[in-house]
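Features as listed in Swiss-Prot:
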| type | residues | note |
| --- | --- | --- |
| BINDING | H79, A120, H121, S122, G152, A153, N180, Y289, E371 | thiamine diphosphate binding site |
| BINDING | D151, N180 | Mg(2+) binding site |
Amino acid sequence: MTHMPETPLLDQVHYPSDLRKLEDRDLPQLAREVRDEMIDAVSRTGGHLGAGLGVVELTIAIHNVFDTPNDRLIFDVGHQCYPHKILTGRRDRIRTLRQEGGISGFTRRAESEYDPFGAAHSSTSISAGLGMAVAADLDKTDRRVIAVIGDGAMSAGMAYEALNNAGALDARLIVILNDNDMSIAPPTGAMSAYLARLASGRTYMGFRDLGKKLTAYLGKNVDRAITRAVEHARGYVTGGTMFEEMGFYHIGPIDGHSFDHLLPVLRNVRDNAQGPVLIHVVTQKGKGYAPAEAAADKYHGVNKFDVITGAQAKVKPNAPSYTSVFADALVQEATFDDKIVGITAAMPSGTGLDKLQEVFPKRCFDVGIAEQHAVTFAAGLAAEGFKPFAALYSTFLQRAYDQVVHDVAIQGLPVRFPIDRAGFVGADGPTHAGSFDTTFLATLPGFVVMAAADEAELKHMVRTAAAYDLGPISFRYPRGEGVGIEMPERGQILEIGKGRIVKQGSKVALLSFGTRLADSLAAAEDLDAAGLPTTVADARFAKPLDHDLIRQLASHHEVLITIEEGSVGGFGSQVMQFLASEGLLDNGLKIRTLVMPDIWVEQAKPEVMNAMAGLDRAGIVQTVFKALGRSLIVGAAG
């Protein structure tokens, strides 16, 4: 049995107000105890470990110096928010992290007043923080706003748009750049700490503000001269940076694991800053836990693990994951076609494109957290005759919708979109669910929209996409493992807009789009047993629809049910539109569309989410019985 860590000091800290009562000399011990608590909690639930371990001292220092929740603290993405949750009244629930009915793995406004802005997608914190800082100025309050953003998230254009706007507005915004990959510049010991304290002190910050006041008083003619004077003085202390060019007062880099470095700088900024300030803090992912320090990439997101050894619990899969099937199929197709290239937005491992990178390093591109750029970059490649596969999670494709419409679809460019994590994703909840891709892609003229029913179908769709050059094409597939069917040596090229009948019946028709096919077949067994001979069809395409297949199903069955793991407005709506336009609803056809519910579905296991949505075997059977006006016999649904 695993024992709970001993945390005598942390036991006294329920909220940041308790933390502020501690002496500075007590904070290193508190940091050790927070780390122990976090490691133990995540070992039981799984979650994002490395990022949170890297910001323990920083989180404690911020809550110690600033008056949260009155002062607003925003974490970008949210992977690093676990220490924050422990210190803000949620320690008693930290072992429910990412579990059904438990607390979120990200910041959530509905969860705590200490979470002023929700996060899960990258690079939003500075924009949100700027909005809050401007609101504080308009309200004439002295409320401070702190945005903590990692160096990875700073690769997205949105972060720079916000920095540029904040500098132009001269907003009272504090941005803390958490450089946990040493990717910008390392701190240089005692001298770096001294210079950071000096630069954040009253004298130098006052000189900067004096320069701004003189500019306002004397006019724009002297603006350039005063700016040069301020930069000259600052250059002796820290040197100029691009952040200074954008209007930010830049401090650092400083050691993000040293309270002796963090506290003086944060207090100076709290007491003296008037305009936008950027503090560059260098941290180490996984700090304080040896296995995570040694392999940061393996401890970013973890399963349950043994605290002593660091060994993660891994369930042996019954079938290959959809991601790995896609990756292997793409590598296979790339060996036959040297025009195939892969594009990922900072997710090479998550999308499986790391396999393509290993085999064809010059034909695989990681563009950083920049989905908008990724899509238009792919469009440029397609315009020159290449076959780009822009592999994105469904939830992140949302960030690039204008580029999909304007740069790809309107021009009819043959960009291929492998859409991973389609449907429910489990512990990451509504922010990462792949709900909307079918809906927003199937509305676009000339777009081919597919969904794989199983891993063999996915292999067919990779080859089909590689062969299709008439316009944009997408294929969606879920997180997790396949159903364990026999795999073809190589995928087949599917006929565009043609589905297939998998099982023939006569009274009920189940038309599945995507991986709900397995549950549809299981439901058909129960319906057959109840005297309702059931046809099961795999649509394959939401656009173009298989009109002949839909006419056949509608004309020869009493009940037609569409099933998809997607939002309202998707495949089922496309089918309904066609049926209505063809007059196929005029003769008493009973049609029902099963989709993800029109709510934000909270975290749970995917199978629980599908059951709640009525997308599982039992839910499909129940929908058929209701459509027929019959009572469901107990046990009829398996």
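Using N, Cα and C of the backbone, Cβ positions are placed for all residues, glycine too.
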Cβ-Cβ distance under 8 Å to H121 (thiamine diphosphate binding site), same chain, at least six residues away: V77, T395, F396, R399, T431
Those binding-site residues of H79, N180, E371 having Cα within 10 angstroms of D151 (Mg(2+) binding site): N180
DSSP-derived structure type at E371 (thiamine diphosphate binding site), helix or strand or else coil: helix
H79, D151, E371 as binding-site residues, winner by CB count within 10 A: E371
In the chain carrying G152 (thiamine diphosphate binding site), residues 6 or more apart in sequence that have Cβ under 8 angstroms from it: S122, D181, A346, G368, I369
For N180 (thiamine diphosphate binding site): intrachain residues, at least 6 apart, with Cβ closer than 8 Å: A51, G54, G150, D151, V282, T283, Q284, K285
Secondary structure at H79 (thiamine diphosphate binding site), reduced by DSSP to three states: coil
D151 (Mg(2+) binding site) - helix vs strand vs coil (DSSP): coil
